[in-house]
Amino acid sequence: MIELFLSQLLNGLVIGSVYALIALGFSLVFGVANLINFAQGALLMLGAFFAFTLIQWGLPIVVAGLLSVLATAAVGMLVERLALRPLRNAPAIAPLLSTLAIAVIADAGAELIWSAESQPFPSPLQSFVVFVGGAFLTGVDIATFIVSLAVMGGLMIFLSRSWTGRALRATAQDPEAAAQMGIDVALMRQIAFGLAGALGALAGILVAMYYQSVFPQMGVPFGIKGFAAALLGGLASIPGAVLGGFLLGIFENLASGYVGEGSRDLIAYSLLILVLMVRPQGLLGTGKLEALGGVGGASGAIPTTSIIASLGGATARTRNWVLRPKLWMMLAAIALAAVLPWLGSAYIVQVAAGCAVFAMLALSLTLLSGSAGIISIGHAALFGFGAYLCAILGRNHGWPVEGILAAAAFGTALMAAVATLPAIRLTGHAVALATLAVGQVGYLLFLNWIELTRGPMGIAGISRGTLLGIPMQPLDRQYWLALLLLAVCYVIAHRLLESPIGRSWRAIREDRPAAHAAGVPVRRYLVLAAATSGLIAGLAGAQFAWLQAFVSPDSFVLETSIVLISMVVLGGMGNIAGAVIAGVLLAILPEALRAFDDWRMIVYGLILLALLRFRPQGLGGVR
Amino acid sequence: MIQRRSLMGGLAGLGAVALMPDRVVAQGNTVKFGFFGPFTGNFAANGQRFREAGELFLEQTNAAGGLAGRRLVVDFQDDRGDPLQSTNIAQRFVADAEVVAAIGSFTSTSSMAAGQIFAQARMPQVSPTSSHPDYTKISPYQFRMPNTQDIVAELNAELMVNRLGTKRIALPYFQDDWGIFVAQATKAEIEKRGGEVILSEAMTQQARDFRAMITKIRAARADGIFIASHYAPSAIFMQQLRQAGITVPVGGADPLYNPEFLRLAGAAAEGVICTTYFFPSDPSKAAFTEGYKAKYGREPDQWAAFAYDAIAIAAEGAKALITAGRPVTREALRDAIDALPPYDGASGVTEFVNGSPRKPMTLLVIRNGRYELYS
């Protein structure tokens, strides 16, 4: 069916050019500041809304668009000022989390200012349609394509010919040397963020014209796809970002055309995993710098392969106090929490049980990401795997609680080991993409594999059963079980980290080639880290399923994974006591902030930002 | 605004008892409900209509002397569409001894996760929207405002096959529990009536680009389209469909009856026919529509109507208890709601059978940028 192919190819080129613009924003910031800017999607959304407001004030669309691009560029610079500059000597992951906090604030702010409703966006070109055989192009498609190509071309000329462009590239290659040559490195970082904001706004306006509407959540899918496109092309490569954008756009449209709209993202993410396994550095990324720790590696004091290595080798200024409580202290604290049900409020017990589940998840992820250095943005899939195992085995097959606990623990451990395999030979940011893709594939399977998971309908009526003859229906008992599981997992994690295994994990995190050269069987240790992490996540998932008595894909979305990695960073990478505390804190904050009403998520973002500002190495400090 | 606290109020409140449920000082005779929904986050466009309708009802009721002399108090809580938060809220309501009924939530996921807690606490829960078949199976304490999908599907199929006379029907549906059930039930009914569903594909939750599906609809030579989706993606679907030059008749499920759909889709909405429970031009709904327009400056949509009826029905139950001189307890209120005579509300006449109503629905057509009764 040539008509479908042609039509999907054209659609893919148009959407792909938008992805390319966003990917360019990621690449510029990453190149210059060695930072993944998670606020890129929020910048896109803000750009679209700024233009929307200006058009409402009566400005013509072109003028409104230009002003909006300028305004969003200013917001981009503000992001640099808030997220990056105060955290320059902090571990690299702290500013990343700051950009996330800013994205949370921007999304919640947009809902307050412009309402959560979709609003119509004027799109005069949309009524102009050209038919190419059976396929068609609208005026907006043509404009999108031309504007994107022009901007990309202009950007390339700017980067290669102008003095500022060359200074930007010099900063990307070696900030120290650039500074010695008299380049204002701080200014260059700000310019990169400004450019990223401008590109985001442009993409946002094009998307708004394409959809003929604007809404506060519009940036989220484009942020993820743009990030994926940037990584696909090779994160620091400008032509790579363009290529990655176009390929992703074309491929997902073909998938949507030939397999079905429902599997568009499933196929897009599966393809990403495949590409990464063949070319971990991305299509146009070079493998050469990878040996020195990727593009940014040359800037560090010690060249290394890990994006979080600067943690361990963090400067004396940030590496001051590390929380390392004795095992009995943490167990005593957990035991103390067991008295909560006697306060007599089921509400507090319910919230506390949720906190215990998230503490387990943070603990689980800090082993994998914090200690072993596999940054995972897909942990919610393992959490969900455990929860669905519990729901399906318990409800459909009548398994006893003991059997479910064992199955959730060991099944998820096995799953984690397998799912992490594609990520294990990767280093740097490619790991983040691989785990993101694995996490999304997991979520999309929960959503689309309706025969097994019942898809969006979810699985209801999960029985809490009896454990060792004790009926587990009362909430208090579920809470105590959650605490018991948390304590057991904590002991396992503590023992592992204090043993030579933990030391090997940290060695791999700090410098993989060095660990390898010193005789550490890297792959085996990483599989072990993944399996241990999966075991704990599976138990947390099962406990969650019992607690809620209902599971649906809504609980295992990308935002959950991001909250989990935030907990790990906030707790201090590899610090299990810190992870437990941060897990409890971030799980409790949305509840504790209820009094703020509509301002709740904004206050949440501000608190996250403030915590990172004053304790960038995490509450507990890095171990 | 009532019950809507400011940032400073929040700061003040936070210091004192951050995690304790609101302990409203008992002011003589009050009846207290909990009301929850996604007031922020991905479903906020729907959740905010919920809260507006709830606040309107609260204001109108207390201005008119309350429930048989007792003041109505409502605790509004935001669950962001996150089931974890909705279970926390459910426990919060249950822990507050004054709360006798819960209204909410928008998504079936949130309603059902909270539902098992309400069932255990024997507190009635009236969900304005949840259409998931399992929702009312949780316990006798669950009620909902919309019809079950098998009833809705009969009307959908009748529209497509018998009224419009289409035989090769494309059926795009939104990928949530509601969309899947509508699509399944409608497909079965269409086939029963001799029609054929030639394409049935999901619109994923964040997708706003439906051109691939539209190309396939054209290639399959559909002679009619039924959209089982929400208004915002449907508006974009209609625009892209008309751009592609496809002019076959289009029918849609009840969420397409929404002033926002007209605003977003513009001219592309012309000729779309949809089912509805609620039509504000109907004079008997004036108290609600006029009150809503006066307070919020825009036409109410179906979500607002459902939420308004949900809280009104719970209030009606409480009123019945008070007039009969009986104490308003959670269990007594459940029985009172169940035993209410048919309630003529904004979304039609509600009479519960096992927690679900069976409401008459009407067909609307969009002509000259307005909804009109279809005949």
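Glycine is treated like the rest: Cβ placed from N, Cα and C.
Since we're looking at a predicted model, the values are computed, not measured.
Feature list (source: TrEMBL):
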TRANSMEM  A:42-59  transmembrane segment
TRANSMEM  A:65-84  transmembrane segment
TRANSMEM  A:191-211  transmembrane segment
TRANSMEM  A:266-285  transmembrane segment
TRANSMEM  A:291-315  transmembrane segment
TRANSMEM  A:327-343  transmembrane segment
TRANSMEM  A:404-424  transmembrane segment
TRANSMEM  A:431-450  transmembrane segment
TRANSMEM  A:479-497  transmembrane segment
TRANSMEM  A:525-550  transmembrane segment
TRANSMEM  A:562-589  transmembrane segment
TRANSMEM  A:601-618  transmembrane segment
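Against the transmembrane segment (A:266-285), stretch A:431-450 shows more Cβ pairs under 8 Å than any other of A:65-84, A:191-211, A:431-450, A:601-618. Between the transmembrane segment (A:191-211) and the transmembrane segment (A:479-497) there are fewer than 3 Cβ pairs closer than 8 Å, counting only residues 6 or more apart in sequence, so the two stretches are not in contact.
Only residues 6 or more beyond the boundaries of the transmembrane segment (A:65-84), in the same chain, are considered here, and those with a CB under 8 A from a CB of the stretch are 33, 35, 37, 39, 43, 46-48, 50-51, 54, 59, 95, 98-99, 101-102, 189-190, 192-198, 200-202, 204-205, 609. Of the recorded ranges A:42-59, A:404-424, A:431-450, A:525-550, the transmembrane segment (A:479-497) has the largest number of C-beta contacts under 8 angstroms with A:525-550. Pairs of Cβ atoms less than 8 Å apart link the transmembrane segment (A:404-424) most often to A:525-550, out of A:42-59, A:431-450, A:525-550.
With a cut-off of 8 Å between Cβ atoms, the residues of this chain six or more beyond the transmembrane segment (A:42-59) that come close are 22, 25, 65, 67-69, 71-72, 75-76, 79, 102-103, 106-107, 110, 113-114, 119, 121-122, 196-197, 200-205, 207-208, 214, 216-219, 222-223.
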